[in-house]
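For 78-145, the entry in TrEMBL reads region 'Disordered'. Per TrEMBL, compositional bias 'Low complexity' is recorded for 100-112. Summarising the annotation, TrEMBL assigns compositional bias 'Basic residues' to 126-135. Taken from TrEMBL, the feature domain 'TRNA-binding' covers 153-256.
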Amino acid sequence: MKNMKHTDNMDSIFNPSVTDALIKLDPEDGPHFVEYFQTHAMLSREKAQLQASVRDQRKLLVENGKLKKDIEQLKTQLQDKQKRRTAKVLFSPAPPPTTTSPAPNTETAAVPNNPPPPSSQDRRDRQSRRKKGDRKARPSSDSLSLVAEPRVDVSRLDLRVGRILSVRPHPLAETLFVQEVDVGENAPRTVVSKLGAQTDLEELQGVLAVLLCNVKACKLRGVASKARLLVCSVSDDDVIERLAPPTCSDPGDRVTFLNYPGEPDKELQSKQRLWETLQPDLQVDSKGVANYKGCGFEVKGKGLCRAPSLTSCNIK
């Protein structure tokens with residue numbers, strides 16, 4: 001009886017007929033088997049409930065993440081709308097002032113006043129006044145056009161590494177020399193430059209140099225120069241050295257400046273005198289490194305451009 005009461009008090013999970021059959025088969029251990037099976041069944045049920053709750057939690061986390069993304073998108077959309085509204089308010093023209101027209105005078109309206117016809121002189125005066133008013137009212141095209149001023153920095157110079165293939169004296173000038181330089185193009189460029197009296201022409205053949213390649217081609221004493229060879233010198237023009245790029249450079253490598261990114265001009269306009277404006281800031285520092293306003297001449301991934309032996313001098 002005691003075992004029967006114990007099994008009746010527990011939550012019955014099995015069919016009562018199955019429970020009765022187990023107890024009849026083994027009156028002593030039957031209730032224990034039933035309790036054991038019920039305990040395992042309850043544990044399995046609780047485990048299933050826990051797994052379901054974990055799945056629900058994961059679903060909630062995913063939904064919360066989606067909601068957060070939606071909220072962020074709505075925030076950005078609201079901010080964009082507020083910016084557009086603010087810009088519209090700031091840049092929209094002010095409404096014209098409202099003027100109250102005076103009430104019509106019935107007495108004067110009742111009596112028609114026919115003015116005398118204007119004379120030819122009056123018509124000419126009115127036409128001249130209209131023309132003057134049109135000239136004052138028409139804004140100039142220069143004031144309406146918003147033209148962005150071009151940047152004035154070294155990024156507009158097309159500086160490249162070149163290999164000097166040959167050097168010869170200029171036929172018509174003692175201080176000038178003619179070089180054929182490979183700058184990575186299909187054909188070498190002819191360059192006319194001024195070199196120092198102590199320059200060994202044989203040592204220049206085959207060496208690397210830095211050239212300004214977007215200058216306008218011009219004739220120097222009858223020979224067309226299509227680039228500018230960058231050299232460094234002190235106050236005495238007899239001591240002139242070429243600016244040397246890194247030894248691992250190749251012809252055509254561009255010389256760039258970390259603080260001045262940008263693409264160079266296709267061709268420098270002589271009217272703008274950009275080279276003359278930038279040239280005073282092109283210098284060699286005390287360590288022999290070429291720089292523009294403290295930013296080094298760099299061949300990306302290969303190193304800096306230097307003067308072979310000079311320091312603290314100008315670049316020409």
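Cβ coordinates are placed from backbone N, Cα and C, and glycine is handled just like the others.
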Review point. Helix, strand, coil residue numbers for the domain 'TRNA-binding' (153-256) per DSSP?
Key: 7 helix, 47 strand, 50 coil
Exercise for review: Determine the mean pLDDT over the domain 'TRNA-binding' (153-256), rounding to the nearest whole number.
Suggested key: 90
